[in-house]
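Features reported for this protein in TrEMBL:
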SIGNAL    1-31  signal peptide
DOMAIN    35-185  domain 'F5/8 type C'
DOMAIN    191-372  domain 'Laminin G'
DOMAIN    504-541  domain 'EGF-like'
DOMAIN    540-592  domain 'Fibrinogen C-terminal'
DOMAIN    749-913  domain 'Laminin G'
DISULFID  CYS886-CYS913  disulfide bond
DOMAIN    914-952  domain 'EGF-like'
DOMAIN    972-1173  domain 'Laminin G'
TRANSMEM  1216-1237  transmembrane segment
REGION    1250-1278  region 'Disordered'
Amino acid sequence: MKMHRQRPAQRPSLLLPLVLWIFCHVNSVHGALPTTQKCDEALASPLPHTAFTSSSVFSSGYAPGYAKLNRRGGAGGWSPLDSDHYQWLQVDLGSRRQVSAIATQGRYSSSDWTTQYRLLYSDTGKNWKPYHQDGNIWAFSGNSNSESAVRHELQQGIVARFLRLIPVGWSEEGRIGLRIEVYGCSYWADVINFDGQGVISYRFKVKKMKIIKDVIALRFKTSESDGVILHGEGQQGDYITLELRKAKLLLQINLGSNQYGSILGHTSVTTGSLLDDNHWHSVVIERYRRNVNFTLDGHTQHFRTNGEFDHLDLDYELSFGGMPYSGKPVGGGRKNFKGCMESINYNGDNITDLARRKKLDTSSFRNLSFTCVETHTFPVFFNATSFLQLPGRANHNTVSVGFQFRTWNPDGLLLFSNLDDGTLEISLEDGKIIVHINVTTEATNYRVDLLSGYFLQTLLPPSQRSFQGCMQAILVDDQPADLHAVEKGTVGAFENISLDMCAIIDRCMPNHCEHGGRCKQTWDSFSCNCDGTGYSGATCHTSIHEPSCEAYKHLGWSSDTYWIDPDGSGPLGPFKVNCNMTEDKVWTTVRNNLPPRISITGSSRERRTVLQVNYSSSMDQVTAITTSAEHCEQQIIYSCRMSRLLNTPDGPPYTWWVGRGSEKHFYWGGSGPGIEKCACGIDKNCTDPKYDCNCDADAKQWREDSGLLTYKEHLPVSQVAVGDTHRPGSEAKLTVGPLRCHGDNNYWNAASFTTPSSYLHFATFQGETSADISFYFKTSAPYGVFLENLGNTDFIRLELKSPTVVSFSFDVGNGPVELTVHSSTPLNDDQWHRVMAERNIKEAVLQVDQVYRTSRLAPAQGHTRLELFSQLYVGAAGGQRGFLGCIRALRMNGINLNLEERAKVTPGVMSGCQGHCTSFGMYCRNGGKCVERYNGYLCDCTTTAFNGPFCTKDVGGFFEAGTLVKYNFMPEPVPGASKDTKALTQQLMPNDVNLTKEEVTLSFSTSSSPAILMYVSSKTQDYLAVVLRNNGSLQVRYNLGGLREPFAIDVDQRNLANGQPHNINMSRQNRSISIQLDHYPPVNYKLPDASDIQFDLVKTLFLGKIYETGPIDPVLIERYNSPGFIGCLSRVQFNGVAPLKSALRKAADSQADSHPASASPVSYQGKLVQSNCGASPLTIPPMSAAPNPWPLDNTDAETPLNEERVIPDGVNRDSAIIGGIIAVVIFTILCTLVFLIRYMFRHKGTYHTNEAKGSGESATESADTAIIGTDNPETIDESKKEWFI
């Protein structure tokens, strides 16, 4: 027997050199023979009858030896005695073979066939393993008649000697009948048995190896849960270790760390589970530099090692099977591997073959064996309806039970037994083993001995709880249970169990929970916890964040800090950025950790100081922003004293910066790639014209070279190397500003389909186990296919089936599935609609406009892989039900498809799409007009009293005593005025200046009265005035002629000069006047019948005070005009004219000297400071408060700032005087402290404002420098505010 069993193993080893030599010789001569043969030989047909065995036989003519495909011997195939789920047909292939396919037939010319079966395989005829596919124990579809052969290709090829088919379904008209064929090819590999002591040492040819690329492959099987499979280390701290730990595979690798701890290279990755099942497992490790592919049984993990080093520096050797006996210890308590390994390959060297030929050190082995020593375990597999009954000893007062078990369920009954005087129950409750002993009579000695473990169950326990899992090493009364006898039916009883097999499945391995989702499983399913990941869905596949700031703006959101996820479901995680929505652009800002004006000394060309610039996001995440942006910029400032920068015009540069891709760049801010100059060299205004940089003059005074880097393919700046600060007196200060980008080309990437037969084609969609598709569409057509991709039988399709129905259909091999969403409103309304579809192994989801959603669970047992092969067609493929309209922002599994680029070369499809205002125009508020752009839209706020991206940002100003704003509706012609100014005047006020209706809106906040809020004059005596009377009440005065006295309306008798914001909305149509104050209902008034209704020759509008020649109502001048309005005005609008907004813009332009003073119909006198303190309407009871001259903050908030209580009217005068004295003393102390602090910190240059962080420390050098370093121009006004105080 021994000789017979060893002969097949020895023959290949003797003949292999000869066979290989002949094959290589023939191949080298003819050159046409393939180097590998197709693994598709018939393996079962040539076998003798004795190679086939079965659980039972109906009669001698139905013997298993007749179960060969297309054979008619005997009764034409195999049939068992009983047709039930305990029958099996087994084939012994004679030696281990590689199996690639299996085919079945029914019994010849009969009504007996098998409709469904499972496949088990084994090396020894024991310890069977079920064939897995798509995460389940696979059930193959069989036959529907007795003659047709049904063949199945194995998705995962297997290597085995014994195969066992288990029928689970059969013909309803007959019984189980089976003929089979197995396809594959021969398999041979060197095997080494590791006894837990021996280690194979693979010595390198040189003492130290500096390895940039590794390929390690091996197969192993073991029944131990821990053990080191391979290990290598170096004296510099590099190492690589592959080991089993708690039946999982752990790879630890370190390509190098530094002694300061700033670079930590240790990387640890775990994969697999339940690997101590004594079955073969295949491992492949592929490393190139820091990129690693870690593959276990066909499932690959991709990762990058930590740190910054690329080489694996190993000394002396690499050991297999355990830790080396020489060298530094790397960790105590690690066990050596105990089990078998085969086909060990390291970087092209066959380790097992070298060990067989004694080319490696194997001296640590007591007895080196090249055959696998099998362990004798007999596992039992339980499902929800299983039980196993074993006999115990009678008339003994001691019960001893032991077993090993494993399960995923936290609860279950392991063992139950009736005793003479009670019961014994061992159960698993909430993951803990609980022993219950119920004794009815007094006994002398009862002992329960739990030796180890996990599962068991007995017949009809009282609680009826079931156990699901595996059990082995069962001991009853200190004796191993004879499970072979149980299988034959001679001992005990069982039901629905699988003997000599553990079919437990780890449904969390591989982990289908993406993006760090935590997998939890029960016996038959798994779930994903996506909390804190930034993703959602059954497998944490879909990002919950928008891809860019641009997308947030078009949801109607304002400037703030947001999470974005540029690649959606792709590998990049979400990250925070600052989004600044301006009127015409959306800026995305990513900050870095480099302090502004960081000082640099002691650097030379030979030993440069390298400053690392780290960002709040990873380099890959920042690159995603710059790649999709329309424009990016980053400010860089070099302040120098005797420190040369680029050493222009002809010298080698002392300083450079490193951008994306680790590429060095030798140009500075304000210049461009390939131009070794600074901004002053481009503009030809350097302090010394002989040089192209200010710093290159090597002056002893402080100089500066600054500017914007705008070539986005080079951004962001990741390092700056400075090389000329080592001389006495030389010093440099460096500032690298945040990265700022605007635009999102992916979000607006669109194509217009103009004919029903037009489409775009792309590469095949790769979405085997999870796929997500999102896009926007707009159409006026009633139907059309958005996209489609086909396979042999698999497909995926998204379609507009009717004006209100969107369909998502696919087939992964289980039959077509269709999800439909029904909209309550038509979707062909020529407005943008968003479609999101996702399919994974758990469910399919379809969502439209984030309002309508439907989902469907995937079948528990079935195919999960979507296999496509055709091109992806966008807009249909054959012209049938072709899509007419626009599609944009098409993204599939995190990849944005460039529709515009493909549309440029495709007939019937146009690049881009117009008509965004139909969908987004609703976001333009307060009378703002939506303006179409190629990439999106913008809100034109010119004719409104508001600013901001959606015309919602209040525009207001603080008026001192004597400040006034004047707006001329009939300006005198100005010599030399530009055409644009004239056009603006015509737009703001039509030529017809005789009015029969007015629309007035304004908000105010003041503590002073009387005052004139607004006055509109004319070239006649007609006027309109809105005033605060002496008692703070509001009055509106109309004088349109026909009356002796102006028509006065007392709007409210309350004191509105209380420091609170108040809002006025007034409209007149002929005689009807409607006035609304704050949140109170509008009140209607009517001009007297004798009054004229036409406001003739409207001339000028005044805010704050009247300063005009001509006829003026003396009451206004005498009672209300002095000293003028003191407080805040905002939201001022008169018939489509925003005079205060125009005046503030003119004030800003005057400071910049951008326009002459006479180029606008608006003018102002006195101090006018921008503020929004009068913006919010009164929503609380009035409270007196001091005026608030603070400038705008950076938000769209509509609440008053710095409200302070003041002394109410009627307080005792003495108290007021005492309070005033105290206030003066406190103010004097505060001023003294302020000047002391400014004096103490004068050398640090601190300038405490609310400006952006990057500009604070540069204020002492130059005010312009501080302004340039900020991201928001509003903060310039913040500094004005402080000086104004």
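Just so you know, glycine gets a Cβ as well, placed from its N, Cα and C.
749-913 is the stretch from 504-541, 749-913, 914-952, 972-1173 with the greatest number of Cβ pairs below 8 Å to the domain 'F5/8 type C' (35-185). Beyond its flanks by at least six residues, the domain 'EGF-like' (504-541) meets 132, 135-137, 271-274, 299, 381, 384, 406-409, 468-470, 563, 565, 569, 573-574, 769-770, 772, 838, 840-843, 845, 860 of its own chain at Cβ-Cβ distances under 8 Å. Each residue of the domain 'Fibrinogen C-terminal' (540-592) gets a DSSP state, and the totals for helix, strand and coil are 5 helix, 20 strand, 28 coil. Residue counts for the domain 'EGF-like' (914-952) under DSSP (helix as H, G, I; strand as E, B; rest coil) come to 7 helix, 12 strand, 20 coil. For CYS913 (disulfide bond), the number of other Cβ atoms no farther than 10 Å from its own Cβ, over all displayed protein chains, is 24. The Cβ of CYS886 (disulfide bond) lies under 8 Å from the Cβ of ALA750, ALA751, SER752, PHE753, PHE777, LYS778, THR779, CYS913, GLY915, each on the same chain and at least six residues away in sequence.
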